[in-house]
Amino acid sequence: MDGKSKMQAEKHLTGTLVLSVFTAVLGFFQYGYSLGVINAPQKMIEAHYGRVLGAIPMVRHATNTSGDDVSINVTVPGTEAWGSSGGTLPPSAGFEDPAVSPHILTMYWSLSVSMFAVGGMISSFTVGWIGDRLGRVKAMLVVNVLSIAGNLLMGLAKLGPSHILIIAGRAITGLYCGLSSGLVPMYVSEVSPTALRGALGTLHQLAIVTGILISQVLGLDFLLGNDELWPLLLGLSGVAALLQFFLLLLCPESPRYLYIKLGKVEEAKKSLKRLRGNCDPMKEIAEMEKEKQEAASEKRVSIGQLFSSSKYRQAVIVALMVQISQQFSGINAIFYYSTNIFERASVGQPVYATIGVGVVNTVFTVISVFLVEKAGRRSLFLAGLMGMLISAVAMTIGLALLSQFAWMSYVSMIAIFLFVIFFEVGPGPIPWFIVAELFSQGPRPAAIAVAGFCNWACNFIVGMCFQYIADLCGPYVFVVFAVLLLVFFLFAYLKVPETKGKSFEEIAAAFRRKKLPAKSMTELEDLHGGEEA
């Protein structure tokens, strides 16, 4: 960012803008917290499921510790028989219940984890409709009810059939996060000045990694990750939902929504003045008028039209591929393997080392906030993918040779940290906001809905399939991700445009010119070459 742009950015960074963006990205904080919170209490929740599933109101035959065959009358959850374990016994605790097999427990646990992504997939398609129907701020207000309800169910899990309450709570929270993951980038991109749009857009990812880190810390056994307090741990992001609900009452509506969708010129000007301070709003109003005329000529763009119209095809492909590259990059595999690698490296408390990875994750997301406007979206995305590719290769070598050379564990440890660093430089934060930059007002809601669904679907696929792939490939699992990262890098190099400092209309115009084959980036650079970022 040059000196002139920096002065403009500082001038536009008002208290109202900071409050509005902070309030919006609390939705992504909840998303990150929900992603990370389920891991720490896994064994305790599975043990509790075992006790609850053995608490069906019927007589069952079991074997006691003396080897005698006895009949036991098991009562419904909430009675003394359920509470007699004191919340500390393992599922079998002296008895073996043949009706509760490990497969059933695994099924319920898998559902507890994956229903979050299923909820997100379902609701992501309604983002455009609810965002246009209610407005950005009111929509975020309304969907917070889902978050509060879902977290309440999980927080009260011990008072009823916990497996049902947690699965339902995770699904409802997923519905909220699916809506929020579309509404938040839409709102933030529309209230942000062009000079700050990228930096403020990276706050989505910062909120996610902060949520993950806080869930990891609170999940330590001496805090909330114990048999007494795990329901509170699961439901705690409801506090962030309540905070967001009340702060949204103080936030102005998106001026772009007011002007382009509702035609309320004076209200849009008032909103701009609140967001920009004493700056003259007419330049942005003129830009919105141009965008409004373009949107009017495009009419309403449905999801079907988004795919069938050739003028959106390039942008849609790019939008989907950046989401796929984020989820299939292997970042989830890194977090899966990190504790195990730290254990093999003789780290005394591997759980703290894993939290250390979370800290690095957060620190470099903060750094990316400053890098994204200086270096540009495309450059950082490419650098991040290439760095992750090299780290994945190093990880594979380290894991494959670990049994022969003990020092290879340190190669693997370094590769973990580098992988996370490069992820947060580009592929982590950029997909969340670049989709909103690629489309003008007309197709933007539909595009964000489709991209959100793609992201959630990939999230679900990784969650369901990774364990099987890891079991099949062992230490060579990162070869799969290295190949995928190479494909993503080549695609990004050929197709992903630079959106730094460009208006929505300039970016959309670049895609509308003609079908851009291998020389797409050269044409885009020619189009914008004379402009300053």
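Residue numbers in this text run from 1 along the chain shown.
Using N, Cα and C of the backbone, Cβ positions are placed for all residues, glycine too.
Any TrEMBL annotation is an automated prediction that lacks curation.
Taken from TrEMBL, the feature domain 'Major facilitator superfamily (MFS) profile' covers 20-500.
Look at TrEMBL and you will find 12-33 (among others) tagged as transmembrane segment. Remote same-chain partners of the transmembrane segment (12-33), defined as residues 6 or more beyond its termini with a Cβ less than 8 Å from a stretch Cβ, comprise 140, 147, 173, 176-177, 180-181, 183-184, 187-188, 191-193, 195-196, 200, 203-212, 214-215, 236-237, 240-241, 243-244, 247-248, 250-252, 274-277, 279, 432.
Residues or ranges marked as transmembrane segment in TrEMBL: 107-130 (among others). Listed by sequence, the residues of this chain that lie at least six past the ends of the transmembrane segment (107-130) yet keep a Cβ under 8 A from its Cβ atoms are 34-35, 38, 42, 45-46, 49, 53, 139, 142-143, 163, 166-167, 170-179, 181-183, 186, 303, 445-446, 448-449, 452-453, 455-457, 459-460, 463-464.
Summarising the annotation, TrEMBL assigns transmembrane segment to 137-157 (among others).
The feature transmembrane segment is assigned by TrEMBL to 163-188 (among others). Outside the transmembrane segment (163-188), and at least 6 residues removed from its termini, the chain residues within Cβ reach (under 8 Å) are 20-21, 24-25, 27-28, 30-31, 34, 38, 45, 49, 52-53, 108, 111-113, 115-124, 126-128, 130-131, 136-137, 139-140, 143-144, 146-147, 149-154, 156-157, 200-201, 203-204, 234-235, 237, 241, 254, 432-433, 435-436, 444-445, 448-449, 452, 455-456.
The annotation transmembrane segment is assigned in TrEMBL to 200-223 (among others).
The transmembrane segment annotation in TrEMBL covers 229-251 (among others). Long-range neighbours of the transmembrane segment (229-251) within the same chain, counting only residues 6 or more positions beyond its ends whose Cβ lies under 8 Å from a Cβ of the stretch, are 16, 19-20, 22-24, 26-27, 29-30, 33-34, 37-38, 40-41, 44-45, 48, 137, 140-141, 144, 147-148, 150-158, 162, 166, 169, 173, 176, 211, 215, 218-219, 223.
Annotated transmembrane segment per TrEMBL: 315-339 (among others), in sequence order.
Residues or ranges marked as transmembrane segment by TrEMBL: 351-372 (among others).
Note on the transmembrane segment (379-401): residues 322, 325, 329-330, 334, 337, 341, 368, 371-372, 408-409, 411-412, 414-416, 418-419, 421-428, 430, 474-476, 478-479, 481-482, 485-486, 488-489, 492-493, 496, 498 of its chain, located 6 or more positions outside it, place their CB under 8 angstroms from a CB of the stretch. Among the features that TrEMBL reports, transmembrane segment is placed at 379-401 (among others).
Annotated transmembrane segment per TrEMBL: 407-425 (among others), in sequence order.
Annotation source TrEMBL lists transmembrane segment at 446-470 (among others).
Taking Cβ pairs closer than 8 Å, the transmembrane segment (476-494) reaches residues 321-322, 324-325, 328-330, 333, 378, 381-382, 385-386, 388-389, 392-393, 395-396, 399-400, 427, 469-470, 518, 520-521 in its own chain, all 6 or more past its ends. Among the features that TrEMBL reports, transmembrane segment is placed at 476-494 (among others).
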Does the transmembrane segment (446-470) come close to the transmembrane segment (407-425), meaning at least 3 CB pairs under 8 Å for residues 6 or more apart? no
Looking only at the recorded stretches 137-157, 200-223, 315-339, 351-372, which one has the largest tally of CB-CB distances under 8 Å to the transmembrane segment (446-470)? 315-339
Considering only Cβ pairs under 8 Å, which range in 137-157, 315-339, 351-372 makes the most contacts with the transmembrane segment (200-223)? 351-372
Mind checking which residues of the chain, 6+ beyond the ends of the transmembrane segment (351-372), have their Cβ under 8 Å from one of its Cβ atoms? 36, 198-199, 201-203, 205-206, 209-210, 212-213, 216-217, 220, 334-335, 338-339, 342, 380, 416-417, 420-421, 423-426, 428-430, 500
